[in-house]
Amino acid sequence: MTVLSQLDQLVDACHWIGAKGWAPATGGNMSIREDDRYCLLSESGKDKGSLTRDDFIQVDIASNHVPSGRKPSAETGLHTLIYRLFPHAGAVLHTHTVNSTVLSRVENREALILQGYEMQKTLAGQHSHLDSVPIAIFDNDQNIDALVQRIDAFVQHSPLRYGFLLRGHGLTCWGKDVNEARRHLEGLEFLFLCEMQRRLLEAK
Ligand SMILES: CSCCC(=O)C(=O)COP(=O)(O)O
Ligand SMILES: [Zn+2]
């Protein structure tokens with residue numbers, strides 16, 4: 001698949017995310033891997049639900065250098081970290097949903113454990129509702145470099161698959177291409193909604 005068709009699929013995914021209300025008030029950011037060296041990342045501060053091809057900026061994956069001098073996402077470092085850590089990652093989607101924001105605050109542990117849901121099978125490599133799928137939660141930080149270092153250190157001793165939550169902030173997830181990243185996003189958001197409802201009902 002060509003980079004341009006991936007970019008068109010990313011633009012479609014951004015419009016879908018916007019229509020779902022998952023990137024309110026300019027929140028969220030999205031990218032694709034262009035090749036071994038570069039990714040294309042959404043411009044900072046834009047409404048992510050109405051992006052066009054021209055709103056994606058080339059960023060060097062190794063150095064975060066931006067050849068154009070334009071301003072990509074404030075969270076560029078998280079996207080480039082994912083492309084460095086996971087050579088098969090082809091697209092990254094970051095959203096701000098109510099469920100990911102609230103669940104990541106009420107869950108005090110270092111991961112949200114998804115277990116018992118058939119929809120876990122929307123995540124690549126998951127084949128049974130009986131398995132436990134941990135979604136790591138990292139404390140949010142306005143210093144993205146510090147956050148990147150913490151996540152990088154975590155990956156040295158623990159697996160990180162599909163995505164992670166930033167506490168009180170949102171979800172960052174990825175896939176081998178835009179299609180898979182979008183399926184992971186939709187699957188995880190469905191599972192977060194289930195988990196919210198389950199916790200609310202069981203608290204009564
Ligand atoms: C507008 S919400 C605060 C910034 C943020 O978390 C986000 O996802 C959007 O930042 P960007 O620089 O990518 O527009
Ligand atoms: Zn964000």
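Every residue, even glycine, has its Cβ placed from backbone N, Cα and C.
Lifted from TrEMBL, the feature list:
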BINDING   His94, His96  Zn(2+) binding site
DOMAIN    8-196  domain 'Class II aldolase/adducin N-terminal'
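Mean pLDDT across the domain 'Class II aldolase/adducin N-terminal' (8-196) comes to 98 in this model. His96 (Zn(2+) binding site) falls outside any helix or strand according to DSSP and counts as coil.
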